[in-house]
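*Asks:* Provided herewith is a single structure, encoded as structure tokens, for subsequent inquiry.
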Amino acid sequence: MNIAAFTMFLGIVFVTLIITYYASKKTNNASEFYTAGGGLTGWQNGMAIAGDYMSAASFLGIAGAVALTGFDGFFYSIGFLVAYLVVLYLVAEPMRNLGKYTFADMIAARFDANKIRGFAAMNTVAISIFYMIAQLVGAGALIKLLLGLEYTTSVLIVGILMTVYVIFGGMHATSWVQIVKAVLLMGGTLLISIIVFAKFNFSITGMFAHMKDATPLKEAFLNPGVKYKDGLDTISLNMGLVLGTAGLPHILVRFFTVKDAKTARSSVVYATWIIGIFYVMTIFLGFGAAAFVGTADITAANAAGNMAAPLLAKALGGNMLFAFVSAVAFATILAVVAGLVLTAASAFAHDFYNEILCKGKASEGQQVKMARYAAIGVSVLSIILALFAQSLNVAFLVSLAFAVAASANLPVILYTIYWKRFNTTGAIWAMAVGLISAVGLVLISPNVFSPEAGKAIFVGNPLFPYTTPGIVSIPLGFLAGYLGTIFSSQKADVKKYEEVLVKTNTGIGLGQ
Amino acid sequence: MEARKMRDINESDYSKIVQSQTFQELLSAKKKFIVPVTIFFFCFYFALPILTSYTNVLNNTFIGSITWAWVFAFLQFVMTWGLCMLYSRKAARFDELAEKVVQERGKGS
């Protein structure tokens with residue numbers, strides 16, 4: 001076992017538990033639990049959004065993807081960032097003005113029907129759990145590689161920590177764990193990037209010239225098309241990336257942690273700067289790993305390239321830097337899974353239990369108690385699923401989460417805010433068709449079926465040719481919402497839309 | 001529901017606010033800014049995968065070994081940051097109008 005890495009892992013655990021201890025003192029009612037009382041400042045929430053968003057897939061996955069496939073790996077960085085323009089221009093402020101604790105609240109602000117709330121809450125839980133299994137499986141594999149612990153032990157450690165943060169510290173603890181993680185991740189990435197850049201004598205042109213010959217791909221490394229050869233597949237991927245973020249429930253709930261639309265806006269702006277700077281640095285991580293670790297060693301450690309960043313740290317700064325970067329990756333995973341547990345638990349406790357089952361009449365004490373039970377339930381379920389998924393290639397789960405978010409949530413969000421005629425039938429159709437088409441297409445995609453044994457879950461020919469379903473499922477979600485609305489005999493509730501319009505644009509009614 | 005307890009606002013108030021000149025001004029100001037910019041950034045964004053998938057123009061050299069694909073990729077970052085700051089600037093005007101709507105409601109009813 002690597003002593004330095006082990007010590008730093010313990011350090012992270014210690015710091016986050018202290019945060020949780022202080023957070024637990026403030027977490028005494030539903031609002032504190034779900035949204036930290038709505039009291040975060042713009043920069044705090046901006047850091048927390050960045051911490052919530054930059055998952056292990058971003059840090060380890062993109063570094064590996066750029067190292068192994070060059071330009072094509074960088075598509076992820078671009079899409080994940082530009083997605084924030086959709087969030088800023090179309091979603092963040094209305095979300096803050098209409099919602100209270102959950103994504104479903106925002107839809108229910110216009111359509112006060114249990115089946116709509118139930119559907120929205122179900123999509124939240126589905127997306128969060130898909131995403132969480134991917135994170136947990138990644139975490140298990142990573143800790144196994146870094147510390148030499150067994151997969152099961154690793155998943156249990158992460159699982160227990162995320163549960164502890166959420167049940168004791170609620171949104172306060174989750175936010176601060178995310179903020180600390182964002183600082184560590186930016187610090188670690190900046191340090192490595194500077195070392196890499198120094199090795200190229202701080203010359204961008206020198207770096208690119210070197211990369212031309214540094215990998216087995218030669219010149220192709222710097223050109224698009226190494227991984228994504230089919231145009232429609234590439235466009236499908238990009239659609240999912242740029243439209244998915246604005247429908248991810250664990251990102252959307254972050255806008256309820258600030259007091260008004262203005263603060264929600266400034267937090268997106270801070271987050272966009274931080275996330276953008278991070279994704280620019282993924283070039284240095286990927287190029288550095290390709291140049292100083294080498295394709296052979298990266299794929300030997302992990303076929304998907306997930307070890308590229310830690311191996312680069314080892315190559316550049318020896319054991320200490322390796323330990324530090326590994327600890328940063330660990331903190332990254334913890335921060336993201338905590339956010340996911342909280343989001344799914346809120347959907348259970350607030351939407352299903354309080355609003356639907358108790359008709360909004362549960363006491364503060366009952367709500368917090370139920371949220372804690374839900375957090376335990378969600379964690380246990382995810383841990384069990386992650387243990388079963390160990391040997392599966394779970395990369396498709398993240399794309400599934402983004403696809404469902406873009407196909408099922410985004411159409412409903414946009415129609416609810418901007419379309420006067422939209423009605424409950426349209427909302428149900430959009431959510432149902434978006435969910436079913438995204439999940440269905442992934443199930444018959446090359447991620448699940450591959451003619452080559454071991455490349456996917458089942459051996460066979462995929463019925464759907466593209467690796468991500470976005471190009472079909474996103475238009476279907478929008479179309480279903482439109483057709484459901486115009487074919488239903490329901491009349492548009494103009495009064496209710498006027499209320500939503502006023503609240504969205506002025507914040508009238510917020511916090512009263 | 002807490003939102004329902006709002007002191008003195010009811011359905012007709014919302015209609016009145018929607019019809020007010022200030023509110024209409026706010027909506028049209030937002031629309032005039034947000035709609036074209038949104039169309040622009042989607043076009044700019046999807047131009048990259050479309051150009052890389054169906055043409056080779058971006059494989060041409062910019063400087064040394066840096067091709068136009070990387071330049072365009074970096075411009076996506078510049079665009080995102082730029083439009084972020086632009087939105088913040090424009091939103092100050094939206095905030096003013098929204099504030100005015102809230103104040104007019106207080107006086108009017």
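Here the Cβ of each residue, glycine as well, is placed from N, Cα and C on the backbone.
Curation plays no part in TrEMBL annotations; they are all automatic predictions.
Straight out of TrEMBL:
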- A:6-24: transmembrane segment (TRANSMEM)
- A:74-92: transmembrane segment (TRANSMEM)
- A:125-147: transmembrane segment (TRANSMEM)
- A:153-171: transmembrane segment (TRANSMEM)
- A:183-202: transmembrane segment (TRANSMEM)
- A:235-256: transmembrane segment (TRANSMEM)
- A:268-293: transmembrane segment (TRANSMEM)
- A:320-349: transmembrane segment (TRANSMEM)
- A:370-388: transmembrane segment (TRANSMEM)
- A:394-415: transmembrane segment (TRANSMEM)
- A:427-446: transmembrane segment (TRANSMEM)
- A:466-487: transmembrane segment (TRANSMEM)
*Asks:* Where among A:125-147, A:268-293, A:394-415, A:466-487 do we find the most Cβ pairs under 8 Å to the transmembrane segment (A:427-446)?
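*Replies:* Going through each listed stretch, the top one turns out to be A:466-487.
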*Asks:* Need a quick answer: max count of Cβ pairs under 8 Å to the transmembrane segment (A:74-92), which of A:125-147, A:183-202, A:320-349, A:394-415 is it?
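*Replies:* Highest pair count goes to A:394-415.
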*Asks:* Using a cut-off of under 8 Å between C-beta atoms, tell me which stretch among A:153-171, A:268-293, A:320-349, A:370-388, A:466-487 contacts the transmembrane segment (A:125-147) the most.
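*Replies:* Ranked by Cβ pairs under 8 Å, first place goes to A:320-349.
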*Asks:* Can at least 3 Cβ pairs under 8 A be found between the transmembrane segment (A:394-415) and the transmembrane segment (A:153-171), with each pair 6 or more apart in sequence?
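*Replies:* Contact between the transmembrane segment (A:394-415) and the transmembrane segment (A:153-171): absent.
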*Asks:* Three or more CB pairs closer than 8 Å, sequence separation of 6 or more: does that hold for the transmembrane segment (A:320-349) against the transmembrane segment (A:6-24)?
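*Replies:* Output yes: the transmembrane segment (A:320-349) sits against the transmembrane segment (A:6-24).
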*Asks:* Tally Cβ pairs under 8 Å between the transmembrane segment (A:370-388) and each listed stretch (A:153-171, A:235-256, A:466-487), then give the stretch with the top tally.
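*Replies:* Result: A:153-171.
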*Asks:* Could you check whether the transmembrane segment (A:235-256) and the transmembrane segment (A:466-487) come into contact, where contact means at least 3 Cβ pairs under 8 Å with the two residues of each pair 6 or more apart in sequence?
*Replies:* yes
*Asks:* Grab the same-chain neighbours of the transmembrane segment (A:6-24) for me: Cβ-Cβ under 8 Å, and only residues 6 or more beyond its ends, written as numbers and ranges.
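*Replies:* Distant Cβ neighbours of the transmembrane segment (A:6-24) are 147, 161, 164-165, 168-170, 172-173, 176-177, 180, 323-324, 326-327, 330-331, 334.
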